[in-house]
Each structure stands twice: as C-alpha cells, then as structure tokens.
Amino acid sequence: MGTPEFPDLGKHCSVDYCKQIDFLPFTCDRCLQVYCLDHRSYMKHDCPKGNRGDVTVVICPLCAKGVRLNPDEDPNITWEKHVNTDCDPSNYEKAVKKKKCPVPRCRELLTFSNTIKCRDCSIDHCLKHRFGPDHSCSGPKKPESSFSFMGFLSTNTKEAPASSSSSSRWSSLFASAEASISRLGNDISQKLQFASGNDGNSEKTQERNGKQNCGKVTVDVCPKCSRGFRDPVDLLKHIDKDHRGTSKA
C-alpha cells in the first residue's frame, strides 16, 4: 500500500468484494469505515447506520399532530408513547376543520388569498362579503367610558332613585362629593393667601435693603494723618495744603 516515498498513502475499500486501494479514500460519517469512490454512499456499501439521519413523521389520525419516529426505537413503542402522553383528540377539529366565512348561507372557505378582516368589527370575511353592509357589520365596539364625576352628577340629577335605600345611597354620595369640593376650595384659598403673604414679605425685605444701602456713606481716609473725608476732592486739597502734596507715609 502506498509508494516507497509515501508508504502510508491510500487505503483499501472496506467492502469485502472490492478492497480497492484508493489514494483519496472516503470515510463514512455514520459507520466510520473507509470506502472508495464507487462505494462512498450509504446505499452502495449498505451502511447499517445510514438511516439515522432520516426523519420520518407520521400524522396521528386522532389529534392530527405529527409523530416523529425514532430510528433506534420500535415504531409501535413510539406510537404508544404518543397516545398515552401527547395525543389530544380535541385538537383534531382545530387542525382539520377549515375556517369559513361567518355570513349565514356562505360556504366560502377562508384562505390566505381570499380573506379580508373588517376594520370595524375585526372579523375575517370572504371577498364577496368584505364590505360592512354585505355582512351586516355591527360596527366598532364602543369603549367603556371611565367613571367621571360630572357624568355622575348629570345622570343623578335627571334620574330619580327607585327605592329609599338607593336614595339614601345617592344622598350619601352627594354629601361626600360636596365635602370634597369644599375641602378642595379651602386648600386653594389657603395656598393663595400664603403666596400673597410671601410676596408682601419679599417686597418689605427689598425696601429695607434699599434703605440700608442708601444710608451707607463712603469715607476716604488720609494716609498721612488718618483723617476722613467724604469728598475725594477735599482729601486732595487737604494733602496739598497740610502735607505739602505728599501722600506717602
């Protein structure tokens, strides 16, 4: 096998009746045996593990689900496991029964190409009954309005209570509503008074600061005799007259 220069070059085919030496042999990924070019496929060398990669799925007639058969397991055992654990006969109608147009006396099957959802009622219909008048569209669902205090007052002023118990209940609700409104008004008035008081205090503080600033007087001191002068001109005259024009100590 091989050549004098490369003695390990090439291998014999693993098929008994072949044994051909191949310098570029093929190794089977299932049985891990070496084969020549002619016997490299699973069918050519009758690979015992060639069907491990095959996927076989059987549709269950009871639930319409796909059951995958394991190559290393008996199909009967796989089927029994599915029947005992996974099988749900109620799913058969959902999977097999095809959707139809909901309009009475219309037997049109709804598929991907002929199905249109109504914008108002959000229900699928066929092309023939895609418009609202054709399928007696009920229109969009009205959203439930949230409880509002004004609506509560308006409805209760128009409609009288039917019994004494209901009237007492409505009166208690009215009383609590009036109390909450009066409490809210008091809070608002207190906040307004507090804000106006703060504004007055701030104005008084500004006036006081202005008066203090106006009362301050700047005095220039003579560096020679430490005499103070309010007017800088008087300070210069004093230096020229009394200190002969010298301000340095």
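Using the three backbone atoms N, Cα and C, a Cβ is placed for every residue, glycine included.
Residues or ranges marked as zinc finger in Swiss-Prot: 7-55 (among others).
For Cys13 (Zn(2+) 1 binding site), applying a Cβ distance below 8 Å and a minimum sequence separation of six or more within one chain yields Lys19, Gln20, Ile21, Asp22, Pro25, Val34, Tyr35, Cys36, Asp38, His39. Positions annotated as Zn(2+) 1 binding site by Swiss-Prot, on the basis of sequence analysis: Cys13, Cys18, Cys36, His39.
DSSP assigns Cys31 (Zn(2+) 2 binding site) to coil, not to a helix or a strand. Shown in sequence order, Cys47, Pro48, Lys49, Gly50 are the residues of the chain, 6+ apart in sequence, with a C-beta less than 8 angstroms from the C-beta of Cys31 (Zn(2+) 2 binding site). The feature Zn(2+) 2 binding site is assigned by Swiss-Prot to Cys28, Cys31, His45, Cys47, with sequence analysis given as support.
According to Swiss-Prot, the feature zinc finger maps to 95-145 (among others), an assignment based on sequence analysis. The zinc finger (95-145): residue composition by secondary structure is 6 helix, 6 strand, 39 coil, according to DSSP.
Of all Cβ atoms in the protein chains displayed, 14 besides its own lie within 10 Å of the Cβ of Cys106 (Zn(2+) 3 binding site). Among the features that Swiss-Prot reports, Zn(2+) 3 binding site is placed at Cys101, Cys106, Cys126, His129, with the record citing sequence analysis.
Annotated Zn(2+) 4 binding site per Swiss-Prot: Cys118, Cys121, His135, Cys137, in sequence order, evidence recorded as sequence analysis. Less than 8 angstroms from the CB of His135 (Zn(2+) 4 binding site) sit Pro102, Val103, Cys118, Ile123, His125, His129, each of them six or more residues away in the same chain.
Look at Swiss-Prot and you will find 194-213 tagged as region 'Disordered'.
As annotated by Swiss-Prot, compositional bias 'Basic and acidic residues' applies to 201-210.
Residues or ranges marked as zinc finger in Swiss-Prot (evidence: sequence analysis): 220-243 (among others).
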TODO: Could you measure between Cys18 (Zn(2+) 1 binding site) and Cys121 (Zn(2+) 4 binding site) for me? Cα positions, answer in whole angstrom.
DONE: 74
TODO: Taking only the Cα atoms, work out how far His45 (Zn(2+) 2 binding site) lies from Cys126 (Zn(2+) 3 binding site), in Å, as a whole number.
DONE: 56
Open item on the list: Quick check: of the binding-site residues listed here (Cys28, Cys101, Cys106), which one has the Cα closest to that of Cys121 (Zn(2+) 4 binding site)?
Closed with: Cys101
Task: the zinc finger (220-243) - residue tally per DSSP class, helix then strand then coil - done: 11 helix, 4 strand, 9 coil
Task: For the Zn(2+) 1 site built from Cys13, Cys18, Cys36, His39, further residues of that chain with CB within 8 A of the site's CB center - done: His12, Ser14, Val15, Lys19, Gln20, Asp22, Tyr35, Leu37, Asp38, His45
